[in-house]
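What follows is a single structure, written as structure tokens, with notes after it.
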Amino acid sequence: MVGEEKMSLRNRLSKSRENPEEDEDQRNPAKESLETPSNGRIDIKQLIAKKIKLTAEAEELKPFFMKEVGSHFDDFVTNLIEKSASLDNGGCALTTFSVLEGEKNNHRAKDLRAPPEQGKIFIARRSLLDELLEVDHIRTIYHMFIALLILFILSTLVVDYIDEGRLVLEFSLLSYAFGKFPTVVWTWWIMFLSTFSVPYFLFQHWATGYSKSSHPLIRSLFHGFLFMIFQIGVLGFGPTYVVLAYTLPPASRFIIIFEQIRFVMKAHSFVRENVPRVLNSAKEKSSTVPIPTVNQYLYFLFAPTLIYRDSYPRNPTVRWGYVAMKFAQVFGCFFYVYYIFERLCAPLFRNIKQEPFSARVLVLCVFNSILPGVLILFLTFFAFLHCWLNAFAEMLRFGDRMFYKDWWNSTSYSNYYRTWNVVVHDWLYYYAYKDFLWFFSKRFKSAAMLAVFAVSAVVHEYALAVCLSFFYPVLFVLFMFFGMAFNFIVNDSRKKPIWNVLMWTSLFLGNGVLLCFYSQEWYARQHCPLKNPTFLDYVRPRSWTCRYVF
């Protein structure tokens with residue numbers, strides 16, 4: 001190879017000596033365009049035409065070049081992740097990537113889904129938005145949202161100054177939404193301490209005596225029954241009772257209910273992942289019982305994942321500046337949502353004239369609610385799934401930051417459900433979908449998917465009903481019926497861009513419907529209260545019969 005390179009180099013040198021004029025022309029390709037006519041002036045039109053031609057050729061080659069580079073880069077990253085996973089997970093990773101081997105044509109197979117018996121594989125990786133925000137074009141979109149927030153603030157200040165004759169720097173809506181916060185704090189501490197102690201104690205007590213017990217089945221049923229009582233009674237009814245008994249405002253209720261659901265899912269994952277290990281240990285008659293340490297369980301309770309592991313990939317250091325920035329962005333999103341409600345939502349519903357509930361009022365309300373609904377959707381995603389989870393991941397040096405994927409590129413609802421919230425999807429996939437198939441049969445995949453949709457829809461509707469103090473199953477209908485239908489109709493076989501457009505259109509419309517219906521019902525119950533409401537009054541829509549001015 002070296003000899004061939006030397007010979008080719010000598011041939012080129014000899015040819016350059018034989019044809020010095022040709023070599024000179026090759027080294028000066030612009031000489032022809034810069035030749036001056038007899039009058040000594042450069043032909044500007046010819047120079048501009050040459051430049052335009054070169055620019056057009058470069059633009060024509062640009063997409064092919066970017067596509068080729070992107071393809072090779074995806075291959076490189078995929079191979080690198082495979083090698084890293086094989087080093088970290090041994091045989092488990094080999095099994096996983098043998099499944100992915102059949103997807104060679106898919107260069108973006110980033111979910112690294114392990115077989116059900118192996119569970120989720122955690123790999124150190126950054127969040128997608130952290131990578132995208134390093135690109136100037138994407139960062140400009142982020143700057144546009146900041147500029148829009150500044151305009152919201154200026155608009156509020158100007159309107160208040162014109163109406164009141166002074167600057168009104170009040171956040172009455174924000175202070176009302178997060179009212180009675182001390183109750184939230186002590187309720188959270190009770191939930192945390194009970195989740196930290198009861199599941200771990202029950203599991204430890206069951207595991208240490210399981211192999212020596214003369215009645216292991218009765219022992220397992222007894223401890224399982226106690227665990228169910230804790231999940232349903234303590235974590236289930238306890239926080240709900242506090243929320244209703246102390247009449248907490250909406251945002252304070254949301255914090256408690258969200259943490260309630262999170263602790264229930266965490267406790268279930270801890271028991272679900274460790275019970276099979278104890279059973280296998282007893283089956284193999286091992287002298288040691290695989291019981292996690294208290295520190296491992298405590299770390300899991302704060303880690304931004306719902307899948308328990310004894311250890312996770314960890315980053316070497318904590319970037320406290322990064323943590324501060326993420327928390328600042330979370331608070332910025334809170335104020336952003338406040339100004340959206342103050343400038344877009346409140347005037348919309350306050351200015352609806354006194355007229356009965358009709359299709360005309362409903363249609364106008366839905367389409368006027370699309371813009372604020374979509375903005376709230378984006379801000380919720382950015383504040384929680386990106387900023388909040390990344391802040392805790394950085395403080396805990398948690399390495400796997402794939403809390404979401406590129407859901408905005410989805411051409412099907414099935415892909416959207418998988419990529420919008422990876423944290424919750426992983427829990428539903430392994431502990432609801434896969435366990436359903438294991439318990440019944442692998443032939444009932446449609447029934448398993450239906451069960452997962454039902455569980456998710458019921459939990460979402462429960463959270464909204466408790467937080468808003470009324471039952472109005474709009475989200476349940478959209479999620480359980482339309483969402484499930486779209487999941488089967490607009491499936492993964494849809495790859496054309498038009499399906500991405502349709503997905504975004506339906507997503508925009510759905511958020512407008514949710515914001516319109518729930519806001520109308522909220523204002524109706526505020527302005528048309530009942531003296532002695534019965535249970536049916538909490539589930540009967542008040543906005544359909546109440547005539548009032550918002």
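Keep in mind that glycine also has a Cβ here, set from the backbone N, Cα and C atoms.
The following features are taken from Swiss-Prot:
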- Asn415, Arg418, Asn421, His425, Tyr433, Lys445, Ser456: acyl-CoA binding site (BINDING)
- Met1: N-acetylmethionine (MOD_RES)
- Ser8: phosphoserine (MOD_RES)
- 1-39: region 'Disordered' (REGION)
- 403-409: motif 'FYXDWWN motif' (MOTIF)
- 1-138: topological domain 'Cytoplasmic' (TOPO_DOM)
- 161-180: topological domain 'Lumenal' (TOPO_DOM)
- 207-218: topological domain 'Cytoplasmic' (TOPO_DOM)
- 245-252: topological domain 'Lumenal' (TOPO_DOM)
- 277-319: topological domain 'Cytoplasmic' (TOPO_DOM)
- 353-369: topological domain 'Lumenal' (TOPO_DOM)
- 396-443: topological domain 'Cytoplasmic' (TOPO_DOM)
- 469-474: topological domain 'Lumenal' (TOPO_DOM)
- 491-496: topological domain 'Cytoplasmic' (TOPO_DOM)
- 529-550: topological domain 'Lumenal' (TOPO_DOM)
- 139-160: transmembrane segment (TRANSMEM)
- 181-206: transmembrane segment (TRANSMEM)
- 219-244: transmembrane segment (TRANSMEM)
- 253-276: transmembrane segment (TRANSMEM)
- 320-352: transmembrane segment (TRANSMEM)
- 370-395: transmembrane segment (TRANSMEM)
- 444-468: transmembrane segment (TRANSMEM)
- 475-490: transmembrane segment (TRANSMEM)
- 497-528: transmembrane segment (TRANSMEM)
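Here the features listed in Swiss-Prot are placed on the structure.
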residue: Asn421; record: acyl-CoA binding site; contacts (Cβ under 8 Å, 6+ apart): Leu385, Phe403, Tyr404
residue: His425; record: acyl-CoA binding site; contacts (Cβ under 8 Å, 6+ apart): Tyr417, Arg418, Thr419
residue: Tyr433; record: acyl-CoA binding site; contacts (Cβ under 8 Å, 6+ apart): Ala448, Met449, Ala451, Val452
residue: Lys445; record: acyl-CoA binding site; contacts (Cβ under 8 Å, 6+ apart): Leu437
residue: Ser456; record: acyl-CoA binding site; contacts (Cβ under 8 Å, 6+ apart): Leu428, Phe479
Interface check, the transmembrane segment (253-276) with the transmembrane segment (139-160), three or more C-beta pairs under 8 A: no
For the motif 'FYXDWWN motif' (403-409), sequence-distant contacts whose Cβ falls under 8 Å of one of its Cβ atoms, 6 or more beyond its ends: 110-111, 127-128, 304, 381, 385-386, 389-390, 415-416, 418-423, 500
Folded-back contacts onto the transmembrane segment (370-395), same chain, C-beta under 8 angstroms, at least six residues removed: 127, 129-130, 145, 302-304, 315, 318-319, 322-323, 326-327, 329-330, 333-334, 336-337, 340-341, 344-345, 348, 401, 403-404, 420-421, 423, 507-509, 511-512, 514-516
Annotated stretches the transmembrane segment (139-160) and the transmembrane segment (475-490) touching (3 or more Cβ pairs under 8 Å): no
Per-region confidence, the topological domain 'Lumenal' (245-252) (mean pLDDT, whole number): 91
Cβ packing number for Arg418 (acyl-CoA binding site), 10 Å threshold: 19
Structural state of His425 (acyl-CoA binding site), classified by DSSP into three states: helix
For the transmembrane segment (181-206), distant same-chain residues with Cβ under 8 A (at least six beyond the ends): 219-220, 223, 226-227, 230, 234-235, 238-239, 242, 246, 248, 252, 255-256, 259-260, 263, 266-267, 270-271, 274-275, 278, 291, 294, 297-298, 301
Criterion met for the transmembrane segment (320-352) and the transmembrane segment (497-528) (at least three Cβ pairs under 8 Å): yes
Cβ neighbours of Asn415 (acyl-CoA binding site) where a neighbour is any other Cβ within 10 Å: 21
Binding residues Asn415, Arg418, Asn421, His425, Tyr433, Lys445, Ser456 (acyl-CoA) - maximum C-alpha distance in whole Å: 21
Composition by DSSP (helix, strand, coil) of residues within the topological domain 'Cytoplasmic' (396-443): 29 helix, 2 strand, 17 coil
Chain residues in Cβ proximity to the topological domain 'Cytoplasmic' (207-218) (below 8 Å; excluding those fewer than six residues from its ends, i.e. six or more beyond): 274, 278-279, 281-282, 285, 289-291
